[in-house]
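As written in Swiss-Prot, here are the features:
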BINDING   79, 82-83, 87, 89-92, 107-115, 119  5-phospho-alpha-D-ribose 1-diphosphate binding site
BINDING   79  anthranilate 1 binding site
BINDING   91, 224  Mg(2+) 1 binding site
BINDING   165  anthranilate 2 binding site
BINDING   223, 224  Mg(2+) 2 binding site
């Protein structure tokens, strides 16, 4: 531990063996709170490398139980959170709609830290059992193409270190790790990051973890694809990384103001979700979710481009099938 701390104090990247050792110790609670705080802050100041992030994620995954084997190329759109802008739950609503269109969505998430409502909070408020056992999860997934994996059930180190991390008043490597440690190991990911500078780093980490296709995005300071500003994207495709910017025009959608996406409480987010699924949501809410669903369709080769993905999603919403789909998820999650 002393050698690891000294390396970080001198702003040196840890090698694979050191990262694996460090996170194995963290998992087994062999690191004191003072040491953990020092490590997280030193990593933050140095800047976490994609290798440190990917090896840490691999170590955490090796110790996480896998609930079932799907035999499919699963998709996740979990983001880092931490943008502090308190918007509606764009990625969770997008995952519900995408799964109602047949995409195999294995949604990994937790409760809110910086927003009014995290993915787990929203789903729980909608009536979904967020702590499904493996049998319930597999059954729900097989019948709806949607499964929610509540992070604290699979990664105790996240749960136990949460109070300490909250007291640091800063984002740490744990924010980056959240979207990378889905126990079902999805091969396709739409991953939002709280800082544009992380896009390339996280795309490289996904590549190192064996993800086949991905898009890492930061839209106007949010960890989502947005329509009010430019979305910076790093796309993992054919084992290479493409870097580019997206605007509302790329989706053939009008721009909307960020303020229209912001909410005052969790109840507003829940109602916004229900309204969108019933195709009666505010245009500003619906269209930003549609842009994110379109990106999932594009990454999954279900749409040839983003504009086709938008058209497909808008047509699907007219059927109100996503709302009936949610009711089925709620029922099966408690079965």
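Note that Cβ sites are derived from N, Cα and C of the backbone, with glycine treated the same way.
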Neighbour count (Cβ, 10 Å) for residue 165 (anthranilate 2 binding site): 19
Residue, out of the binding-site residues 87, 108, 111, 224, whose Cβ gathers the largest set of other Cβ atoms within 10 Å: 224
Chain-internal residues, separated by at least six, CB under 8 A from residue 91 (5-phospho-alpha-D-ribose 1-diphosphate binding site): 77, 78, 79, 119, 190, 192, 224, 292
Euclidean distance between Cα atoms of residue 223 (Mg(2+) 2 binding site) and residue 111 (5-phospho-alpha-D-ribose 1-diphosphate binding site), Å: 16
Cα-nearest neighbour of residue 223 (Mg(2+) 2 binding site) within the listed binding-site residues, 87, 108, 165: 87
In three-state DSSP terms, the structure that residue 165 (anthranilate 2 binding site) belongs to: helix
Residue 165 (anthranilate 2 binding site) and residue 87 (5-phospho-alpha-D-ribose 1-diphosphate binding site), distance between Cα atoms, whole Å: 23
